[in-house]
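Q: Below you will find the structure I want to go over with you.
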Amino acid sequence: MSILMFLLLATTTTKALGQGTRVGFYLRTCPRVESIVQATVKKHFQSNPTVAPGLLRMHFHDCFVQGCDGSILIDGSSTEKSAGPNLLLRGFDVIDDAKSQLENACPGVVSCADILALAARDAVVLTNGPTWLVPTGRRDGRVSSASDTNNLPAFTDSVDIQKQKFAAKGLNTQDLVTLVGGHTIGTSACQLFSYRLYNFNSSGAPDPSIDSAFLPQLQSLCPENGDGSKRIGLDNGSSDKFDTSYFSNLRNRRGTLESDQKLWTDASTQAIAQRFLGIRGLAGLTFSVEFGKSMVKMSNIGVKTGSDGEIRRVCSAING
């Protein structure tokens, strides 16, 4: 599929799902918004490439709690940002930097929620991933509560639980496999999967779903009772490049997270992963194209538009 056709499809999807967002929302009020965000993300990426997966995860975690409203950016002792699932996120400084520049260029115009949506796209592009048209026009939420993060997808979730959590946000099984495929870039802390390596489900043995040749590699990287904060690639051998090797690793029983590997054990999710890999006998799917479509769909979850919400002056604090 050509880039032009993909962008036209993305525009059509946006009109169908946009709930008030649209591509080019700031064309007259802040025409440089995308170039400013793009340059800011690139500058930070060049000095610290880990901001790319960080920004992608941040957008995902934002959209799954209170909708895509930038509520994850708010500082405080009991906000989403302070909750367990979000403590290891990175890239907040990128959003703050972009917001500062945009406030100078077009004061009070661009929302933090939109900056995050744009930054997530630009981060994927920098890892050799696809581009897509990002609908904008979101407004920033005024509520951010740590307790609302309890329903975020978790690394121990079964496929059925993952499906339920995605369906609750209007996302189907293909969106689930596609968006979790974002784990093709980035890392995980040992503490989120080391339980699989030694005493899985209190069995006294490792998770049997882990490839026997891969297990000692993981054990050497994450020793029992070792440093739980040490970070390991989610896509073994290719954690800094957006590609389909993530799905190859699942096929080869080399998924790092339990919830990721489970996608290969369920018939419905495995079939989608197989289509991304172009396995013979199945109608192929192009991961990079589908990823852009699913990101547009996700980025319109529960958006606030019109007079709902606000345009924050700084992304880390509610106005007033």
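Backbone N, Cα and C define each Cβ position, glycine as well.
The signal peptide annotation in TrEMBL covers 1-18. Marked as active site, proton acceptor by TrEMBL: HIS61. Summarising the annotation, TrEMBL assigns heme b binding site to HIS183. As annotated by TrEMBL, Ca(2+) 2 binding site applies to THR184, ASP235, ASP243.
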Q: Looking at the recorded positions HIS61, HIS183, which sits with the largest number of other Cβ atoms within 10 Å of its Cβ?
A: HIS183
Q: Using the alpha carbons only, what distance in Å do you get between HIS183 (heme b binding site) and ASP243 (Ca(2+) 2 binding site) once rounded?
A: 10
Q: For the recorded Ca(2+) 2 site formed by THR184, ASP235, ASP243, which further same-chain residues have Cβ atoms within 8 Å of the site's Cβ center?
A: GLY181, HIS183, ILE185, SER238, SER239, LYS241, PHE242, THR244, SER245, TYR246
Q: State which of the following binding-site residues has the fewest other Cβ atoms within 10 Å around its Cβ: ASP235, ASP243.
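A: The binding-site residues ASP235, ASP243 were compared, and ASP243 has the fewest Cβ atoms within 10 Å.
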Q: Going by Cα-Cα distance, pick out whichever of the binding-site residues THR184, ASP235, ASP243 is nearest to HIS61 (active site, proton acceptor).
A: THR184
Q: Tell me which residues of the chain lie with their Cβ under 8 angstroms from that of THR184 (Ca(2+) 2 binding site), as long as they are six or more apart in sequence?
A: LEU234, ASP235, SER238, SER239, LYS241, PHE242, ASP243, THR244, SER245, TYR246
